[in-house]
Amino acid sequence: MNKREALYSALGASSLAFAFFWLPVPRLFDVACYLLILLFVPMTVAPSNADLRKDPVILLGFAFFLFVVFSIIWHRLTLPDHFPPTTSDRRFLRVLYFVAIAYAISRSSLLTAWRLLWVAFAGLLVYLVVQFNPTEWRNAWQGERVDFGIHNAQHTGIVFATCALALTAFAPRLFIWTRRRWGPAAPLGVILWALAWLFSFWGIFVSQTRAVWLGLCVTLLVLPALLGTAYWLQGRPQLSLRKPLLASITAGALLVLLASSFDIPELVSDRLESEKVTWESLRQAASHEERDLSSIEIRVASWSAAAGWIMEKPFMGWGGRGSRPLIRNSDLFSDAFKKQFNHLHNSYLQTLVEIGLIGAMFIVALITLVGRATIKAYQQKQMPLDVFLFAWTFFVFWLVVSCFESYIIYPTGTYVIGLVGGFFYSFCLRHRERLA
């Protein structure tokens, strides 16, 4: 094994650690994040890796890094004295972990895209076993809202929803794989898939996160358009619709079974009716006339305040963690609000408040480049249909849920974006390397 292969093997091992340890051992997850940086960044600047510097995503990542460095210096020089010195602008660079993971998948013999997903799911299962709390599981079984210790229920819902999207998108592939590998035992693979799929949706329901439910509903509504786009880009897919149709019918039947077993319609109805809001109460929350706020009104109040802060510093923002001193020193919020909340419950507003329009445009440009690469890879048949659909359904889902929580600044966002982005961008790299 030469030095180049050894480095990519180390990068692959770090990516596997990233996928597995986020929940079971968070400190090792942090170590994996540092290793991804320490291994991949020197690779990109090494003279022997000129091909990496031809990737526009990597070039944009370097430009974003330079902006963040400038942003940290700028904020230290210009922000009021009650803003503590911070380098937290760098948190937004975490959205780039997926690039290192994608290259590890494409160039390391240790790692494949599918192995990454299996290891991530194994990490979730290990965490749930190690952190097993009989009381919490009993409460979940009885329809109460739980989070299994994953920060809070909103973050728990994201984890289970991502699992559900992946298990749904890749069901036909899994059935084919088990039939080839397991032979007569293939029905066992179908049973395991069904259990994992039901468990994921059960987790979605017991986390009782309305934003996650909304995100999945919007994704389902957009799915026909995504299928039409796939047909338009590549023509009729060369596969039988019988297996996907059978999988869909089976999934629907399982979902009905799950709903009837746990009285999910009543659970959903109770959650949706748990807060009574009116246009007048929302107006009062937005104008900060009311201090006793519901969950929905808390978000509206935060968003209303954020709009004013963005207008004050539109281009460079208020710096990393800038929402904390802004909320703490604002007369718009009660003392109880200030003690409980230090973020804006919206990834887009959080980004604009902390790194401004310029920083946000870097992230928009990154999304655009990756989106174009995904389309090109699918057109050139380097990306399978199920991966293409998973990438875009996840993207739509993430767009929706990010409206209601600042996932981008939390480890949840770091992990999910790194994992899913690294998975499907690795197929885009196949397209680039084939052209090279």
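Positions of Cβ are set from backbone N, Cα and C atoms, glycine also.
Any TrEMBL annotation is an automated prediction that lacks curation.
For reference, TrEMBL has these:
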- 7-25: transmembrane segment (TRANSMEM)
- 31-50: transmembrane segment (TRANSMEM)
- 57-77: transmembrane segment (TRANSMEM)
- 92-109: transmembrane segment (TRANSMEM)
- 116-133: transmembrane segment (TRANSMEM)
- 153-176: transmembrane segment (TRANSMEM)
- 188-205: transmembrane segment (TRANSMEM)
- 197-363: domain 'O-antigen ligase-related' (DOMAIN)
- 211-233: transmembrane segment (TRANSMEM)
- 245-262: transmembrane segment (TRANSMEM)
- 348-371: transmembrane segment (TRANSMEM)
- 383-401: transmembrane segment (TRANSMEM)
- 407-428: transmembrane segment (TRANSMEM)
Cβ contacts the transmembrane segment (7-25)/the transmembrane segment (57-77), at least three under 8 Å, sequence gap 6 or more = no
Is the count of Cβ pairs under 8 Å between the transmembrane segment (31-50) and the transmembrane segment (116-133), pairs 6 or more apart in sequence, 3 or more?
-> no
Are there residues at least 6 beyond the ends of the transmembrane segment (92-109) whose Cβ is under 8 Å from a Cβ of it, and what are they?
-> 5, 8-9, 11-12, 14-15, 18, 33, 36-37, 39-40, 43, 52, 55, 57-58, 61, 64-65, 68, 116, 320, 351, 354-355, 359, 363, 366, 408-409, 413-414, 417-423, 425-426, 428-430, 433
